[in-house]
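Residues or ranges marked as ATP binding site in Swiss-Prot (evidence: sequence analysis): Lys13, Leu14, Ser15, Gly16, Gly57, Arg61, Asn166, Tyr172, Asp175. The UMP binding site feature in Swiss-Prot is assigned to Gly56, Asp76, Thr138, Gly139, Arg140, Pro141, Phe142, Phe143, Thr144, Thr145.
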Amino acid sequence: MECVMKYKRILLKLSGEGLSNKKKSLLIDYEIVKNIAIQLQKIHKQGYEVAIVVGGGNFWRGESASKNGIPRTRADYIGMLATTMNALALQSGFESVGLKARVQSSLSIDGKVAENYITEKAKHYLSNGEIVIFAGGTGRPFFTTDTAATLVASEMQCDVLLMAKNGVNGVYDADPKVSPSAIKFDSLSYDELLHIVLTNGLKIMDSTSVTMAKENNIKILVFDIQEKDSILKVLEGNAEHTKVE
């Protein structure tokens, strides 16, 4: 298959909000988790090595909290703990379909909950067919989980970063949810994406994460996680997406 020839080790970036279901008032919808698990089960059988970075926005938004009297640094640390909760939920979902999964945290945390992030150990797990879920963001405030994703992808020497979005199937010149006439890009250079991020105010990725991806030559596929089997399809080139390289 084309996707197998192109990529071996992938980094999947999941937002915390993408795990929630507002209609059902669920912070974590286990049907969504199970759907992701089933897709990864198929991907795993094809020989992919899968690393995951997950956000925590379904539980906590550090930026908004800082406006309500909580110092930004503390708010960000609370957000890092939120990513750990999501990582543990994903781990359980993956194990329920027979996948081996580890959680590594960039924050020092009790070993009964998660392992501390050690680069070589994480690479060893990936090489042995285990899924590694990275929690805690970068472990430092003022950095987004998008930046954590490009950082981990760089350290893990991933071939591609799959940037999962909620209800948006790629990069547009404007917010397609607001502007129906927004134009979608099939492909972009890193510099073009950086220009869009800085000038259009679109929350595709933050500028730090784009710059890091460029410096480490990490390809990015931006796609809609809500589309059925979208993780499988985007790797096969059969899902709407934007490729950045």
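Keep in mind that glycine also has a Cβ here, set from the backbone N, Cα and C atoms.
Taking all protein chains in view, 28 other C-beta atoms sit within 10 angstroms of the C-beta of Lys13 (ATP binding site). If you take the C-beta of Gly56 (UMP binding site) and look for same-chain residues 6 or more apart in sequence within under 8 angstroms, you find Gly16, Gly79, Met80, Leu81, Ala82, Thr83, Thr84, Met85, Asn86, Thr145. Taking the Cβ of Thr144 (UMP binding site) as reference, residues of its chain lying under 8 Å away and at least six apart in sequence are, in sequence order, Gly137, Asp206, Thr208, Ser209. Same-chain residues at least 6 positions away in sequence with a Cβ under 8 Å from that of Ser15 (ATP binding site) are, in sequence order, Val54, Gly55, Gly57, Thr145, Ala164, Lys165, Asn166.
Cα of Asp175 (ATP binding site) to Cα of Arg140 (UMP binding site): a span of 29 Å. Among Lys13, Leu14, Ser15, Gly16, Gly57, Arg61, Asn166, Tyr172, Asp175, the residues given in the record as binding ATP, the maximal Cα to Cα distance rounds to 24 Å.
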